[in-house]
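See structure below.
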Amino acid sequence: MSFFGLENSGNARDGPLDFEESYKGYGEHELEENDYLNDETFGDNVQVGTDFDFGNPHSSGSSGNAIGGNGVGATARSYVAATAEGISGPRTDGTAAAGPLDLKPMESLWSTAPPPAMAPSPQSTMAPAPAPQQMAPLQPILSMQDLERQQRQMQQQFMNFHAMGHPQGLPQGPPQQQFPMQPASGQPGPSQFAPPPPPPGVNVNMNQMPMGPVQVPVQASPSPIGMSNTPSPGPVVGATKMPLQSGRRSKRDLSPEEQRRLQIRHAKVEKILKYSGLMTPRDKDFITRYQLSQIVTEDPYNEDFYFQVYKIIQRGGITSESNKGLIARAYLEHSGHRLGGRYKRTDIALQRMQSQVEKAVTVAKERPSKLKDQQAAAGNSSQDNKQANTVLGKISSTLNSKNPRRQLQIPRQQPSDPDALKDVTDSLTNVDLASSGSSSTGSSAAAVASKQRRRSSYAFNNGNGATNLNKSGGKKFILELIETVYEEILDLEANLRNGQQTDSTAMWEALHIDDSSYDVNPFISMLSFDKGIKIMPRIFNFLDKQQKLKILQKIFNELSHLQIIILSSYKTTPKPTLTQLKKVDLFQMIILKIIVSFLSNNSNFIEIMGLLLQLIRNNNVSFLTTSKIGLNLITILISRAALIKQDSSRSNILSSPEISTWNEIYDKLFTSLESKIQLIFPPREYNDHIMRLQNDKFMDEAYIWQFLASLALSGKLNHQRIIIDEVRDEIFATINEAETLQKKEKELSVLPQRSQELDTELKSIIYNKEKLYQDLNLFLNVMGLVYRDGEISELK
């Protein structure tokens, strides 16, 4: 215990301690050979020497640097010797402290008089030190109880300040006195200064410690200013202390800039103390976890307890609403959170056009829930409706009775560059897009003209396709091309039967795929005739993959020029003839079958995106959707892309640029259809006219629901919400029609007289009713909904 001043050997002196006797200057030497003797240095009964040094400003080399790094001009002495030899009275030489190397500021440590007050160091304040004659008189000695009471008061006053770390070199002791730190070196901030408690055996008057503000140096220079065991040098008189008014007086000596910073610091402290303790750390942790949970949750509505209670209360009040009202309420309820089915949505391949959406819905029902995490990581949770930016994201402001709380959204960067789609096109390196922007790559003038014109304008100007034939060389020229192609096909088939080598170069040239001398490509006009349509399967038998891909690119590039598109659109042909309807069925049976077969067996994801991109950029998509053929072609592309994307996600083949490219192309497609989706449903007069021609009592609109299901299947939650909002009336119209057929079925089933005609009509009604429900549920199941027992509910 001799290190702390408690000498058990009884060697304490009775007289005052002479500093010159206690200091032998060992700190000035570079190598001190006795400090490593711990038994002699820290021993209990060993004679303690005076060679224990904490630093000496006069020493050179590392010792001097260490002292300089502390920023305090401490003098070299031995605390062990000082405490061991006893406490002496004040020195009587009367020399004042004249510089930082004067040893008289250390006089009080060996004196029996009270220690001097702690004075601010020259580095920590810009105010001059007060003169000795300005010191206040000594205060009466306080008892230990008074000191502890003052300490508790000070701790309560500054309990909300962040405490500094305990200074190294100071022993741990009783509760520390806390002082507000004044701004030093232009860095305001609350801190605490804890002076070391006196040793138990030393008669030191603790009341002489200043209780006012004490300026403590902070880190304001490259070398941190720390505190050491020795007090800072300064003009301090041994028996005097700095008055409380000195700190206030030093504030007046601060520069205006420092005073402004001091006021700002005080304002910050008051603001912090005003709300201090308002929330406990547990409360803050709960709020943080709740906010983060709203970001990553898969189903925020179903996981919200308050929304579940609200939903139960609202359902309890429904007693007198009609059946349709219940259906609408159920639909609106689920459209907020279950509509998108973004965690149940799946991307399934469709090998044939008629079965592609059915397969997708089947797999969507049976698909395991493990893909929820994958789609959550893909970030398919953004909404584009009314939103407000906040710290954590965007909060939806569309609140209603079925959306009682705000939904937190994560902001996403959307490309604002109008040429962003062009950059996406450049990424399709595996597709020859050079010829897709125009009718040919050989003529730049024709390419510019092709980009400027709207291809659908020809369709609106002439419904019978005569204009397109004239722009491709005339009807006679097109018929001659068809005959030439037939001759080449016959020669190739003859060579194939004879086992000879086949060369399809002449046939390829006869198709005029790369001919740029016409506004409308002659190959497109060849498909206006039944003979040209029927020869296509035989043509594909002698083409390689690149040639087949070029033909498909040409078809999708000039899709609006196809006469079959004009004939199958209710806008250009509101009252088609029976011959025209048969031609539409022929094209669908042959050409669509060829396209589906090629895309299913020989195409990749990049090529399908290229075809869809050409369709979007060179055609009026909203006009194509009014045509049965155009709607089926778009359905084939997006369904096949959904298949490849799904298969690739399992084997991790697709890269992030490819996924982002698909999202860009889909957004472009959806933008061209937005606010026009309801136009894909033909008017009632058009359907009645077709049913009269075909002598049917039921209009099959399965291709429309297949398109809607495929569009929703590949889209995100906000896309699906827009689709539902636009086709809501058609959904309820289909439900009403099915209910009407159900009532008619009940009426016929209760008739006592049964005949063969009655049974046939009853079977037809049952089939049509089930077909309506099947088509509607085909669309609803993609989004996790189902129409059953007179209401739209969640798909189990």
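Yeah, the Cβs are placed from backbone N, Cα and C, and that goes for glycine too.
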Subject >> Annotated phosphoserine residue, as Swiss-Prot has it, among Ser436, Ser457, Ser504 >> reply: Ser457
Original post:
Which stretch does Swiss-Prot mark as region 'Disordered', out of 1-21, 211-231, 316-336, 337-357?
Top reply: 1-21
Original post:
According to Swiss-Prot, which residue out of Ser397, Ser456, Ser517 bears the annotation phosphoserine?
Top reply: Ser456
